[in-house]
Amino acid sequence: MSADRHYSPIDRFLLQADSALRTLLPFSGQPARPSPAIVEPDGELSEEDTRHIAGLMRINHTGEVCAQALYQGQSLTARLPEVREAMEEAAEEEIDHLAWCEQRIRQLGSRPSVLNPIFYGLSFGVGAAAGLVSDRVSLGFVAATEDQVCKHLDEHLAQIPQEDRKSRAILEQMRVDEEQHSSNALAAGGLRFPAPVKLGMSLLAKVMTKSTYRI
């Protein structure tokens, strides 16, 4: 990671383009860790449950697309090298989540959201803008975003039946990782966002969840 700070602007543009393709193209994200679902048995699910779980996993997959874009945008504009490296390391960890969710969506007979490119572009812009303001704001945005993700994961875990141990194992590990990302961002000096800002972020997140559940 440390060599990354010596890349030229063209090199960094190419790296960003490569990251976007790996995030958006099917089966292109290669996880560093195996999916937690591998060791879990298949459960008996009704057709209705299968459709609902696929919709929830599609939301989570799009959430990871947004996280990738957010981190990449922030790493592009981060001022301090250590902050840039922290963003890039977090993005690498999110690749695991991205791949795990896609694998599970396919197993459930569905596909990722067709809206992913739109949300990637929007999230990349937000991340880059946050980085331009300050590294402290950028890190604070990470913490607030990951807190929102944890809430969504808790809501989804409450809806997924115990019989679907594969999906539950994925979301449980994701929650552990996301909580750690939030803690790391605050420990690195991230700004604690006030409640009104978090409320606005929550309302925007609902737009994503409502739209990607089915498409």
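Here the Cβ of each residue, glycine as well, is placed from N, Cα and C on the backbone.
Given the structure is predicted, the values throughout are model-derived calculations rather than measurements.
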Candidate from E88, E92, E94, E102 that Swiss-Prot assigns to the same Fe cation 2 site as E146, E178, H181: E94
Fe cation 1 site partner of E94, H97, E178 (as recorded in Swiss-Prot), chosen from E44, E47, E48, E64: E64
Those residues of the chain, 6+ apart, with a Cβ under 8 Å from that of E146 (Fe cation 2 binding site): E178, E179, H181, S182, A185
Cβ-Cβ neighbours of H181 (Fe cation 2 binding site) (radius 10 Å): 23
E94, E146, E178, H181 excluded, remaining Cβ within 8 Å of their centroid (Fe cation 2): A67, A90, E93, H97, V142, T145, V149, D177, E179, Q180, S182
E64, E94, H97, E178 excluded, remaining Cβ within 8 Å of their centroid (Fe cation 1): G63, A67, Q68, E93, D96, L98, V149, M174, D177
